[in-house]
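According to Swiss-Prot:
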type: ACT_SITE; residues: Cys173; note: active site, thioimidate intermediate
type: BINDING; residues: 202-225; note: NADP(+) binding site
Amino acid sequence: MEIFDYDNVLLLPRKCRVESRSECDASVTLGQRSFRLPVVPANMKTVVDEKICRWLASNGYFYVMHRFDLDNVQFVRDMHAAGCFASISLGVKQPDYDTVDRLVAEGLCPEYITIDIAHGHADTVKAMIAYLKQHLPQAFVIAGNVATPEAIIDLENWGADATKVGVGPGKVCITKLKTGFGTGGWQLSALKWCARVATKPIIADGGIRSHGDIAKSIRFGATMVMIGSLFAGHEESPGKTVEVDGEQFKEYYGSASDFNKGEYKHVEGKRILEPIKGRLADTLVEMEQDVQSSISYSGGRRLMDIRKVNYVILGGDNAGEHLLM
């Protein structure tokens, strides 16, 4: 198997068929809905909150709300009252089953439910998927996180409508250092490996450091790309604002960090400071334009045309072996 990551792969251009990148369609469909971009902010406390989720949903973007210190039932109720779709995260513990029971009792069904645990190839995830399919069959179920084709096959067979690929490649994730496991350093290879067996959408989660990495993720099989650090540190971001030597920063920390947990127990995340980047809306516009440019370089007009291009692995012997794959 080839081992590569975002920083040592480049996509090869094909003849351009548009006069302007604005002719390129960067939208993507996930479940019953289409979204302006194939990106979703990470479901982390320092990246999204209720206000940001409502804004994203109202403006044609996908979102997944985090599952920490939150009343999911009230969140679904509020989003539906605002005329927005609801997209929540669940774990696999008893309180998560209680949440499902409360949703059913109140006649509420979120459009999207993400089963979100660090090691998603697990019997506990199988049980939660089955419970969701039995009690909230209309919900689109995303399950993860995983790193192998075996995991993709199992999750799809268990009933997941989409899978989330990536174990520890994120900027504030230290899973590989703490455990010796993960996709840090080869996330893009892991995505390609998993996509070969997938029959349902994959969300590539983690390791994105630039907008060009979005196109690379699409090329190697992702339908959607989950991004943390690039979305953290905006004016609207929920992270605490910190001033260092006169410069403004926002806190950004991993979901399994002691900052998120409030205790130093089984820590697989760390805290960093992100320089404040300005407004989230401006970043999303820039992202959309960059993805449109990627589509134009691919010789296409639609997002999935990026999947047709060849690529080179930098530092390898030659480009030839990667042509027409």
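Glycine is no exception: its Cβ is also placed from the backbone N, Cα and C atoms.
Sequence-distant neighbours of Ile202 (NADP(+) binding site) (same chain, 6+ residues apart, CB-CB distance under 8 A): Ile152, Ala162, Thr163, Lys164, Val165, Leu191, Cys194, Ala195, Gly221, Ala222, Thr223, Met224. In this structure the C-alpha atoms belonging to His211 (NADP(+) binding site) and Cys173 (active site, thioimidate intermediate) are separated by 20 Å. Look at Cys173 (active site, thioimidate intermediate): DSSP puts it in a strand. DSSP gives His211 (NADP(+) binding site) a coil state; it is part of no helix or strand. There are 27 other CB atoms within 10 A of the CB of Ile208 (NADP(+) binding site), with all protein chains counted.
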